[in-house]
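Trainee: After the structure tokens below, expect a handful of questions from me.
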Amino acid sequence: MADWLLLIPWNKIFTAACGCFFSDRNYIHKMEANLDDLHTTMEELKNGRDDLLRRVSIEEDKGLQQLAQVKGWISRVEIVESRFKDLLEDKSTETGRLCLFGFCSENCISSYNYGEKVMKNLEEVKELLSKKHFEVVAHKIPVPKVEEKNIHTTVGLYAMVEMAWKSLMNDEIRTLCLHGMGGVGKTTLLACINNKFVELESEFDVVIWVVVSKDFQLEGIQDQILGRLRLDKEWERETENKKASLINNNLKRKKFVLLLDDLWSEVDLNKIGVPPPTRENGAKIVFTKRSKEVSKYMKADMQIKVSCLSPDEAWELFRITVDDVILSSHEDIPALARIVAAKCHGLPLALIVIGEAMACKETIQEWHHAINVLNSPAGHKFPGMEERILLVLKFSYDSLKNGEIKLCFLYCSLFPEDFEIEKEKLIEYWICEGYINPNRYEDGGTNQGYDIIGLLVRAHLLIECELTTKVKMHYVIREMALWINSDFGKQQETICVKSGAHVRMIPNDINWEIVRQVSLISTQIEKISCSSKCSNLSTLLLPYNKLVNISVGFFLFMPKLVVLDLSTNMSLIELPEEISNLCSLQYLNLSSTGIKSLPGGMKKLRKLIYLNLEFSYKLESLVGISATLPNLQVLKLFYSNVCVDDILMEELQHMDHLKILTVTIDDAMILERIQGIDRLASSIRGLCLTNMSAPRVVLSTTALGGLQQLAILSCNISEIKMDWKSKERREVSPMEIHPSTSTSSPGFKQLSSVNIMKLVGPRDLSWLLFAQNLKSLHVGFSPEIEEIINKEKGSSITKEIAFGKLESLVIYKLPELKEICWNYRTLPNSRYFDVKDCPKLPEDIANFPMHAEE
């Protein structure tokens, strides 16, 4: 019994009892009054908190950050409010225990403890109320130096990132341009560069990322910069000039990095307010774009081309995207997957989109179907192709300056996949189609064509080939062009492109009444027997086939046909007379065919301005051509079986509209005479000397100023001399002139290709130094040639490195050749080099590197 009494907390009972009657705080007696007071003050506190939260929200909308003391006060209010709710739950129980008019309780200890909590909560609420007045509730957020970007994958980008980063960290590089075709990974590369600045936070004050977009406004760029700098939101209502001033005042005190993603045209950084990057301020600017054009205006210190992935890198990205689980679901799928990946030609965007589409395909039938779709003219129908690839790439097309340039670009899609298109041939097509100026003078259509090709290459819509005389299209860009050309897939029947497919005969699925352009290049077609009404057909491309015969009725109903290309059909020996029905025809290419004569019906082709008969190895005569085709502007007879004689030369003089001419000549006297007829000589672009025997041949650099191609085949010529002063007509050997010091700068400035085969007589070809811009040189089967360039003669002509612009050099079957050129061991621009069967040529010369850096 005594032990039980000892367990009673007599001290608390005593304290509580005293508190009931004698304590100043009267926790029990004042319980109800304190609860009422707590309820009132708590409501006031919550209202104060809500008012403060509204103020904080307004300031945060301005880009400011809540003060820590404000955040702490609000947090304390939340805690007090939670305690208040707990007290309210026990209120009825505790107030129900009160007795003796509230001076005592049925459970004094419980009531005492509860009353104490009420009092302390009330005191804390009153304390918080006394501190609720804040003059300032938020402050400016410290600007993070780098905002890290999320990156999907960096497969194949490591080397490019390292190269770009190394270049950017060079003190001499203040502005860096990353250019490449759409979808190639420029934004990902820029994001990698952005994230690398995390490692250099101490060296730069701020890294700013701006998305420029195609239809950018200066204010839009300014707003992104100001937002990144966390300046007060009052700037939103400011003028463009005021915003520029705010940006300039902020950045001129900082070592900043500006990353501009996706530039489409020149951006005036001065108008935006961005200080120019200098060595003094340490600033850097990097921008990405699809065309090299902008980098010129933005004054980039360095340009880096972002190229497509290598085959191995492309496969790795595709494999990761598809996932190994799918690839291992059937033993044949990996091989099929590699075929699908190869169709993307290393374009990361295509690899990711097509890879994601195939990531759920577990059967070989699905993979075979994917390959069939990608190989078909309806490749744009592949899942995700239109909305995620073609629409992205279309921005590059939309940025082209005008409709004519867009038409020129779309025309390139008529050629087979990976087909290398001759620039000159492409321009001829464009001119005859009417896309560009038909004027063929020095400042006319041809130059305009090269300008357009350059623009398309810089926009990464065309790719310059290894030999710069050719261009080609990336597979996905070609798909985009075909998609646009068919009105975004809505009118596929208006364009028929089956180039590269082995169809052997004209496809039956061509809707001849609707189709506008038909391209059946390299399709192995052997004969054409159909005869359909082709009311809208304007372009018919049939080169690189095996045509033997064209039916009589084929050309009967093609009133709008403008371009007809039958070239490189070696077995085609005649054309039907019904070709006379092609009343709109302007372009006819019969090069590399077995045509023996032109049909009489051609005299009705009054609009024909272009006729190509080059490499026509069976052509017998062109008698009467001036009367038959009086409006010809271009006549090409390079490597033709028809050589210029007095009769043909007379005919050519009567062709008043002739502006471009290529010829084959086998008589030195004819060569001399034609050079004396200024109008004919100045129009010659290609000259083939064949089966010619003469003690010497004189070439006038003035008369033949437009010469671009020269071939010397099976000739016995002891000496080739230059005539470089047209008025004095003085013949000179190479040793008599030094073009680098001559005021008249003699030489064949346009000559880019020379082919010499079976030349007997000369021991050297030093006169080639007069072709300062030579790009391609082929020399073979010439038994007496000992040097390409003789040291004594060459040094008298120029002190510069020979063949500085040469891209292709092929030398073979020259048994006496001992030296190529005395003053070089590199070809700075060489892309193709081959030496064979030249036993006396020193091995170190025969195997010298193509590029100086090698």
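Placement of Cβ uses the backbone N, Cα and C atoms for every residue, glycine included.
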Trainee: Among 25-62, 709-746, indicate the range for which Swiss-Prot gives the feature coiled coil.
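Mentor: Among 25-62, 709-746, the range Swiss-Prot annotates as coiled coil is 25-62.
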Trainee: With DSSP assignments reduced to helix, strand and coil, which class does LYS186 (ATP binding site) get?
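Mentor: Looking at the DSSP assignment, LYS186 (ATP binding site) belongs to a helix.
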Trainee: Can you name the far-off residues of the same chain, 6+ from the ends of the repeat 'LRR 4' (584-605), with a Cβ under 8 Å from a Cβ of it?
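Mentor: Sequence-distant neighbours of the repeat 'LRR 4' (584-605): 428-429, 432-433, 538, 543, 559-578, 611-622, 625, 627-629, 636.
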Trainee: Report, as numbers and ranges, every residue of the chain located at least six residues beyond the repeat 'LRR 6' (631-652) whose Cβ falls under 8 Å of a Cβ in that stretch; write 'none' if there are none.
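Mentor: Distal contacts: 428, 438, 440, 591, 606-625, 658-667, 670, 673-674, 677, 680, 686-688, 690, 709, 711.
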Trainee: By a simple count of other Cβ atoms within 10 Å, which of GLY180, GLY183, the binding-site residues in the record, is least packed?
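Mentor: Least crowded of the binding-site residues GLY180, GLY183, by Cβ count within 10 Å, is GLY180.
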Trainee: Taking residues 6+ outside the repeat 'LRR 1' (514-535), which of them lie with a CB under 8 Å of any CB in it?
Mentor: 414-416, 419, 485, 493-507, 541-554, 556-561
Trainee: Counting across all protein chains shown, how many other Cβ atoms sit within 10 Å of the Cβ of LYS186 (ATP binding site)?
Mentor: 23
Trainee: I want the residues beyond GLY180, MET181, GLY182, GLY183, VAL184, GLY185, LYS186, THR187 whose C-beta is within 8 angstroms of the mean position of the ATP site's C-beta atoms, in chain order.
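Mentor: Not counting the recorded site residues, we get THR288, ARG290, VAL306, LEU347, PRO348, LEU349.
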Trainee: Given the binding-site residues MET181, GLY185, and counting only Cβ atoms in the protein chains shown, which has the most within 10 Å of its Cβ?
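Mentor: Of the binding-site residues MET181, GLY185, the most buried by Cβ count within 10 Å is GLY185.
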